[in-house]
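Have a look at the structure below, then the notes.
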Amino acid sequence: MTAITRINAVKDQTAILSARNLKAWYGESQALHGIDLDIHSGETVALLGRNGAGKTTTLKSITGLMDRRSGEIKIGGKDISRLPLHHIARHGLGFVPEERGIFSGLTVQENLLLPPIVAEGGHTVEEIYALFPNLKERRHSQGTSLSGGEQQMLAIARILRTGIRILLLDEPTEGLAPVIVDRIGDVIIALRKRGITIILVEQNFRFAQRVAERYYVIEHGQVLDQFSAAELPGRQDWLSDVLGV
Amino acid sequence: MTILGIPSAALFSQLLIGLINGSFYALLSLGLAVIFGLLRVINFTHGAQYMLGAFAALLLLKFAGIGFWPSLLIAPLLVALFSAVLERLLIARVYSLDHLYGMLLTFGLTLIIEGLFRHFYGSSGQPYAAPKELSGAVNLGFMMLPKYRGFVIIASLAVCLLTWLLVERTKFGAYLRAATENPKLVQAFGVNVPLLLTLTYALGSGLAGLAGVLAAPMYQVSPLMGQNLIIVVFAVVVIGGMGSLIGAIATGYTLGLIEGLTKVFYPEASNTVIFAVMIIVLLVRPAGLFGRA
Ligand SMILES: Nc1ncnc2c1ncn2[C@@H]1O[C@H](COP(=O)(O)OP(=O)(O)OP(=O)(O)O)[C@@H](O)[C@H]1O
Ligand SMILES: [Mg+2]
């Protein structure tokens, strides 16, 4: 708890990312019904919610991956919601999808080097290989020949190279062994120390608790509530109820 | 000297013709495979683009005095540029629709382009001379090889290899391969995927244009020169399977040779053998020899 308080104290309070009245549709079926978010620079925020609540759709809407969406999305005060998809990354936004998106036609190293650098200050390839020695060993293998955990590492690693400031992670621990989950937790904490803003979608609540400083609870495509890590103990029962755990 | 009862000179000359045809099949089906791999469009305009390459060389010579060697570069670039415009203005609009629309659109474009050229140049062919450096023949001991034909074989092999290297070994190629799997994610990383699509279409079309320039000194330059060839090339693509570049190249050369051999041993079937192979492959391996089902 003290660690979290200390980080809260040093963090910049301006909203680096904000969403207003975010709505999104899959064909005719509406998945988001007006999501509002305010994410501050350097904080780690977890989006919680039941299956089908709209967490993934929220991340995809922010990244510009939803074909049909409305509302306002600002990064550093600038509206990015009308930009072409390939311009959005240049505003410092990186997305690691739930299915990880490792390319089978590319080697591990090609996967790692694929996303263009959008800003200075990203990890160098050496730093990444120091952080994930497995990836270095397997760098000439086919990307999808990696294990699930290694693929998740690669998916995070390749985004870190680009110098993005805001990282959207969709269920990074899904289907991974506890040891690997711990590794990913370490990586997220290391990124936080580097000042990277993180929005995390997580079903593994214990994992979310380890890294998150603030929570949004999403239900039926709307924000039900949001609270800080310090308020969590008082909400445990309510939260178990909402999440159905 | 005879081999299997066939005079060896006749055998080798048919093999040479097979290899030449195979060079064109390989270049053209490679272009189709590059385009289909990323754009998921079966480019029926390919035969017209081949014809445009040959005409570009012819017209560059006629009106600007530009000879074969510079045309070998300029004509494919002109075809690529024209194709890039087509992609931006028209083809890009059908990506989100069923494949059928891309096929119909590119087929319609072919009719328009070939029709226009037939209107202005008639359907009879016009000659285009081979460069004088490549006139004559070399004696290989077992046969005489016209120099220009030897050049075509070497040039097409080199271009196939370069294209393969471009796709498999460069950053551009990595974007292309990744976008083939998941274009939206690649674009979300900040890669200008719409531009990548345009460049890829231009690349595939440019290969057809290059094949056209190479063909000009051997065949007559005529508005319909692409029509007959492209039907065979589509059969080659079906046999090799869409999407694999190596598959397209290997199948192109192999089928050219098979066609040449058929001409020696059973001439009656030489025009149909590729289609017979296509039917067998479709029955046994519907995704094609190198295709992923
Ligand atoms: N590709 C799609 N086509 C149609 N509907 C979809 C699609 N993806 C999601 N949906 C619907 O949109 C709603 C929100 O889905 P979303 O994937 O955002 O939920 P989630 O909170 O990420 O769930 P989970 O925890 O299961 O990943 C759900 O009702 C879902 O059924
Ligand atoms: Mg999800």
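Cβ coordinates are placed from backbone N, Cα and C, and glycine is handled just like the others.
TrEMBL entries are annotated by machine, without manual review.
Per TrEMBL, these features apply:
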type: TRANSMEM; residues: B:15-39; note: transmembrane segment
type: TRANSMEM; residues: B:51-79; note: transmembrane segment
type: TRANSMEM; residues: B:99-117; note: transmembrane segment
type: TRANSMEM; residues: B:148-167; note: transmembrane segment
type: TRANSMEM; residues: B:195-217; note: transmembrane segment
type: TRANSMEM; residues: B:229-253; note: transmembrane segment
type: TRANSMEM; residues: B:273-291; note: transmembrane segment
Region pair the transmembrane segment (B:15-39) / the transmembrane segment (B:273-291), three or more CB pairs under 8 Å: no
Cβ-based contact of the transmembrane segment (B:99-117) with the transmembrane segment (B:148-167), 3 or more pairs under 8 Å: no
Tertiary contacts of the transmembrane segment (B:273-291), as residues 6+ beyond its ends and Cβ separation under 8 Å: 232, 235-244, 246-248, 250-251, 255, 258-259, 262
Beyond the flanks of the transmembrane segment (B:195-217) by at least 6 residues, Cβ under 8 Å: 23-24, 27-28, 30-35, 38-39, 41, 43, 45-47, 49-58, 68, 71-72, 75-84, 86-88, 91-92, 95, 128-131, 148, 152, 155-156, 159, 163, 166, 172, 175-176, 179, 186, 225-226
